[in-house]
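See below for the structure under consideration.
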Amino acid sequence: MELATTQSVLMQIQPTIQRFARMLASVLQLEVEIVDENLCRVAGTGAYGKFLGRQLSGNSRLLRHVLETKTEKVVTQSRFDPLCEGCDSKENCREKAFLGTPVILQDRCVGVISLIAVTHEQQEHISDNLREFSDYVRHISTIFVSKLLEDQGPGDNISKIFATMIDNMDQGVLVVDDENRVQFVNQTALKTLGVVQNNIIGKPIRFRPLTFESNFTHGHMQHIVSWDDKSELIIGQLHNIQGRQLFLMAFHQSHTSFSVANAPDEPHIEQLVGECRVMRQLKRLISRIAPSPSSVMVVGESGTGKEVVARAIHKLSGRRNKPFIAINCAAIPEQLLESELFGYVKGAFTGASANGKTGLIQAANTGTLFLDEIGDMPLMLQAKLLRAIEAREILPIGASSPIQVDIRIISATNQNLAQFIAEGKFREDLFYRLNVIPITLPPLRERQEDIELLVHYFLHLHTRRLGSVYPGIAPDVVEILRKHRWPGNLRELSNLMEYLVNVVPSGEVIDSTLLPPNLLNNGTTEQSDVTEVSEAHLSLDDAGGTALEEMEKQMIREALSRHNSKKQVADELGIGIATLYRKIKKYELLNT
């Protein structure tokens, strides 16, 4: 590296840009490097925070490419990009992924903002969020130029960058100054805390971390957040950035709660607790498909929260202020299910109400109908439901004229409907109508990264409900819980936390002596191979019908056209990578 001989426009405001880099790294959980037009490092984080002001070596081909072409450069797999050929560091490159965005001032590229992954987790983070990060950094770059360079007001306009960054986050964010007064708060945080901006900006606020060692969760920690006469318990991360504290909420524990047994009245996307990759993908998918009127099929084992997902989709849709009607097809006797769904008119049959009855489908008009355990619906009713979906009308029992209905149907099952179709237990044509948008929920055993976060979530849920003191939890207990197979999924974990809240002495720590015997016996056993439920909605080999296979082939072809990575295709379809390659070979899609 060499010292720069002339000071660039970016280098003139280097302290501000360094602050900007640290903010960006904290928000996106990636390394950041910013260089000027002379390839001098203006700012950086981690290993890229060294040698500021010095010119980078000739191996900086990616940065040089962005400067010369004035275009964005993306590398999701290091060493395989053509620009990496001939690089001295190619075989030992620490950069696993790269996203470089040009800083354009008056048609001149004056620098590059780059996001860098140095771990496999960060590499997946970039790949999973590529479009969002690209748009995000491009937007920030525009503001960066217009407010910092053209206005030459670095001191004042850093606030505008802060505000833009946090407003574009789906996490709740609070930023306080060196006097602990709230300086910024984004819409997600306002919504979560139930306050309006004018009632919290400028107010002194206190973050008091709980002291149990085991409360740390992948860098998150429980905090008592207090302002005015209010106190809230929130799990999140607190970052110090040059005189400011930036608090990133993982989730809030004091308002409407995620409940498996009893879903909240108004669930939102952030109440799907989890930060593992599959849960992040699930939340993004729900956000994308919620506005659509198309039918959704939610597939998942018992206890994975299928109704919570259905309610979240409804609350994010344009039907949010309309009815959400839920019915469990397995919980109602077959002879009563038709009248519950379709209703009946006065005198329709012996024992009928004198006034008749409005069916649940009609009650859901203009809103959402959630059909849980759809696989248990009798075949006769399946035909009637199909007619209602296709004609957008229902015929109550005993009625002579149909009633028009406008509903969105979300169905759910923990069964293999493809097998049911092959056995003649489920109508193939109804499956097509209901499975327009398939969503697969992961079992808890595949979410080990989220176990500790969920443990604290349910602990707070039950201590608050039972009026108990919040307990600590020993690290070895958390490890046992991570290794447990959780056949009951979230419902089982919630019930266990309720049990522990009841038996732990007030104010003490939950240790392994309090765990039920079945957890101690099974918690450390190796997990056996299991058939993924996620394949249930896609793997239709056993159905035996050409139409089903054609549908499967089309789904795979369309997914392949949308993604460059087979891993991304498999993730979207909810199947394993080996299964995907098997299907590609079967349907001769190798050149797609």
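Heads up, the Cβ atoms here are built off N, Cα and C, so glycines get one too.
Looking up the ranges 35-53, 92-110, 472-490, 567-585 in Swiss-Prot, the one annotated as DNA-binding region turns out to be 567-585. For N365 (ATP binding site), the same-chain residues that are 6 or more apart in sequence and have a Cβ closer than 8 Å to its Cβ are P323, V405, D406, I407. For L371 (ATP binding site), the same-chain residues 6+ apart in sequence whose C-beta sits under 8 angstroms from its C-beta are I327, C329, M377, I409, I410, S411, A412.
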